[in-house]
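What TrEMBL records for this protein:
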type     : residues : note
ACT_SITE : CYS45    : active site, cysteine sulfenic acid (-SOH) intermediate
DOMAIN   : 3-159    : domain 'Thioredoxin'
Amino acid sequence: MTLRLGDTVPDFTQNSSEGEINLYEWAGDSWVVLFSHPADFTPVCTTELGMVAKLKPEFEKRNVKVLALSVDDVDSHKGWIGDINETQTTTVNYPILADPDKKVSDLYDMIHPNADNTLTVRSVFVIDSQKKLRLVLTYPASTGRNFDEILRVIDSLQLTDDYKVATPVNWKDGDDCVIVPSIKDPEELKERFPKGYEVIKPYLRMTPQPNK
Ligand code: BEZ
């Protein structure tokens, strides 16, 4: 199934390192980062899952739950979690879905049919509190992901859901934002952006981040 941005993501129930999980129930009103790795006991994945454990407070601050996945079974995940905790000086504090029957991997198109179709690719799905898909990333097996970037995109998505702004190149929380082109009325501009704004071009107007 091809999932596109804005689609409602499919629900599923699958076993995990922390017991059975139904996505919709488990998510509740939270956002979700669902991310897959090719296999347990592989080096890059070990560093990635360790980093996500360390960043869990940052995800929680943004009302985001994290959920990992691979096609390995629960016993494998539990054994590997010991290695992650030992080598990455952390404690894995979120569930890893066990998807040996590829139920979730197929539903979310995480297996590349023209590559090694026994493994999930490195995918990331950011799902909002309405169960809508907001970001998809696909990485090659050889390249570990940058989870600070995923937090940065979540900051942008949550900000731009609430205000009539977009975020420019390399934006990070606290930086100036772009006013969306559809807002043209001077009264509305004054009301929406009381901190003021700079007109660089009629289509490029910058304003301090509205919620700071
Ligand atoms: C890794 O996570 O280290 C990895 C997984 C599959 C292929 C290459 C590297």
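Each Cβ is built from the backbone N, Cα and C atoms, and glycine gets one as well.
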Write out the long-range same-chain contacts of CYS45 (active site, cysteine sulfenic acid (-SOH) intermediate), meaning residues 6 or more apart in sequence whose Cβ is under 8 Å from its Cβ.
HIS37, PRO38, ALA39, SER70
The domain 'Thioredoxin' (3-159): mean pLDDT?
96
